[in-house]
């Protein structure tokens, strides 16, 4: 017979039955973070001056919170301010904006976090004879219970003092209510950022049902919900653009975006407000980083990174302030010859070399998806270096010696017959096998980059035609799935491109560009989303008669200034 659990163990079992880890009731509570978290707490923005977000976007979000708590000037908007969806790339200060507003307006943040219950990780917890046995609660049920309790319960702690806002607000209605908010009962919002696995159909259905039930509850005590969804970028790999058999209704369901997080019934309703964040502008980024440097070095000694290093960090971060702050921390760890101030270096060449070293290090720290290796790969293919090619003017003596040693090891290819003389090429300095082993991308993404950049390296149309022929052949070889794809596509694409390009490739300050495929695919999906919205709206409102549709188009024409062309298209 199993021994009876002690009172201490019973207490532990009961205390571990919370539905989730509800956090962030206070943003600056001391003693709750370890060393890594303490560093993040130091760098978090505390005011709007430290936020690298456009002031108009912050103003719109603040206005939404005021209307969600107070109802606006008429008091009737509160029931429509139920869900705020913040979308945009990662590292654009979406969460930081909410936390800064919580300090200004004085509301709590109840945050859902996915967690694994350690009560079910021990074998004795599943003992049928154990008296401390508790019932298992699935993640979907746990999330539903958390949402229900968090939206109806309030904090038992006192109301902290809210700081007055330094944000300029244009309307008088949005400037009001600060003192009123601090005098009323404690406000709170529900923050959903660490979302469940909504790509799983059953989990997604349960998630949507919980949100719909939350909106359907018209109680005045309901807490508003803020959902943060970071964009999931595409890599241009096979299948991401959708095959010919894929309908527009089925595209985009394999990534987490606002349309997989929210059901169509809510997305098209007045209860959801969506605010999209853009990558942070370089001016705002540089201002925020400079503020961090000023704050840090006012309390600590050391060598401050130069303005050139700050510019490199801003440029390499691609609008991601989280990545930029990590790079800035890396630059401040210890003195490095590549990070010295230009006036402290002796000689023009040394200063230039130091800046080059700083750029290489910062790009290695901040850029994602091994972009340095990617552009190095593209350069090796498109510059098409072969045995006996003259060295470039910028090549150092060490590079020239290395090329001569490599040429000495290369064997000359077999002479081709007369009728194939046009395909005669010198031995290539590029080892395709090593290139394939070190490549961070697949052949489909490589073909996108070659297609975008190859014309800069050609001298004649015949050379462009040769590259296009290989791109077309590789693109059409194999089926839509990876099981049917040609396993030699990388080698065929690389060897075919180098065979078609001139040798030596003339240097014209060529630059590698990102494929236009990504922007085109983004616009295509936005257009498909618009069609899907109209389709869903027509399904909800019911069938239209011809006169009703003509009247609707007339209203839209007068509203947006289309004239009578819209009506003529109806006929």
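Positions of Cβ are set from backbone N, Cα and C atoms, glycine also.
Automatic, uncurated: that is what TrEMBL annotation is.
As given in TrEMBL:
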- 1-39: region 'Disordered' (REGION)
- 14-23: compositional bias 'Polar residues' (COMPBIAS)
- 157-181: region 'Disordered' (REGION)
- 162-176: compositional bias 'Polar residues' (COMPBIAS)
- 369-478: domain 'Checkpoint protein RAD24-like helical bundle' (DOMAIN)
- 386-412: region 'Disordered' (REGION)
- 397-412: compositional bias 'Basic and acidic residues' (COMPBIAS)
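Cβ atoms under 8 Å from those of the compositional bias 'Basic and acidic residues' (397-412) belong to residues 385, 387-389, 391, 426-427, 429 of the same chain, restricted to positions at least 6 beyond its ends. Taken residue by residue, the compositional bias 'Basic and acidic residues' (397-412) breaks down under DSSP into 13 helix, 0 strand, 3 coil. According to DSSP, the secondary structure content of the domain 'Checkpoint protein RAD24-like helical bundle' (369-478) in residues is 70 helix, 2 strand, 38 coil. On the 0 to 100 pLDDT scale, the domain 'Checkpoint protein RAD24-like helical bundle' (369-478) averages 87 in the predicted structure.
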